């Protein structure tokens, strides 16, 4: 690898790449600085006027999944340095960064992880053929001959590959199709979460950044949705730069690559990853510098906005009226001829899979609560309630149980419309709807938890508790139906705008865009940071099509299509005290309703050592999924074992036998219950229980602001750091590699 990079990325070429990156970044950041003032004004105006959607009926969890691990387990990973498959122990913390350890022993001994992967921008592939097709398309002109050795060989029929158009790729494999399905659900959940990298509570910086991305790409005549708008700001900015650098770099370096086709493909992947890392570091420095400058100037801008809010609004409305008079005739004709006839078709294509997904969320929630109620009747009432509620509280973040909901969005197609409206991919709509599903599931679960916790304060008997659970379930489902209707209608409106507005702007650009500069003189110089002609023009275009979109969604609701509520149906203060209940401390079911003892039969007060054990039990990391493993596939793989490439199915069977023999030498896990409610299995499973009493040191040494944790599970930061991941003085340095948030590999 070193020879490839030193040959094709020498100092002169690196300097050339840095200069081109610098030019792109400076151009984009001018757009960002312009949009920051507009976004700040819009945010303050919204706050003062108090406009917004109606209050939801369901409660929302303010700090979801704190001190949780989504899952842990073992999987085989392909090592590119020695071309062998190695078994890795992996876990995913609540921020969905895939953490890979050498083995489970390395995790227990607090050794640094081999890799921390932020999967934003990645695709999860389930076949080598899919991967080879994408790799072949990434470097045109290189085609492998029939029968030649492919770039990757998988020793089983069940691979999972993380593919990225610019960054390095990751190769995994499983022993059975059932394991592959489970891991695929987990990795897709990681991708879905990491793609949504810009915090939604960022009311100024987030909208300013996404608007700047859109304005910059439109200045390059690139309209429509962009598939690589995923991850945090630095990742998105790196993708933006690579989108421009990539074609020229391919044209320059592609003909110079030597060797067989698969070797040239491998070289290009290494070069692309190295360039992506260079771009990422440069983008990080520039973005943080500009953001810091804007945040320093924010108080002065806020003072001007507060003082002159009315004048700014008046000035903007005057500008909008002039632009409207100029473009309205052209825009209305364009909407009537090219957009309006297609709105019902687009809406129907969106409504069917989305509504099926939300219905599945409702069904899964109903089934889980009903099963819990039956268990309360049959297995001991309140004494077991803490176990059931611990599991239920994590339902929205259980990738396997939520998979049936997410799968409903996969059939989404815009056949015939996708090319017309320049929609590069429907994945952006699928993932947004899936995120809404997870949020609504968690809101329903949290509302149920809160109401049940209130009911338990009355000291009900087992029979009374079961009746209360059923009554609360019905109450929550009514609230869910109302909220899910509101969320879906908002999603449909936003999706229709996201599809049609870029199309309209592109259609109107030849006749309207060149005339926009003359409207600049209508803006007072003092307000020029908060009013932009381009933004006002887009708002006017939006208004021309908005009435048709609102009417289409309203008609769908009036016809009771897909269980949508009419806009006239508004539930006002149906539970006036419910939202007050959510202001209390988070409910800890294990702490409040768990067993007071440690499981022993001895009476009296616990000894100091027993008390310490209880404390550690309470601190133990809670897992949503313990082990990703097919029940029929035998024991978990022995950590650190190598996986040979099997020539036939018999070698897979032989491999399983060898793994089972190796595991017989393992010592059994501590005899304590799993915190996700799963019983301890008799057979040795060294990864079934994770203790927080000896947590591994964080490889990045970084926690998000306000996210203090009692445990120290390694967390990928929101931005690439390139830091050393081993703590000085804590353990001998180990020569290995780690990948931070962007999937970027560094030596330490």
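If you go along the chain as it appears here, the first residue is 1 and each next one adds 1.
Every residue, even glycine, has its Cβ placed from backbone N, Cα and C.
When the ranges 560-588, 589-617 are checked against TrEMBL, the one recorded as region 'Disordered' is 589-617.
Taken as a whole, the domain 'PH' (68-192) shows an average pLDDT of 89 in this prediction. For the domain 'PH' (68-192), DSSP puts the residue distribution at 32 helix, 43 strand, 50 coil.
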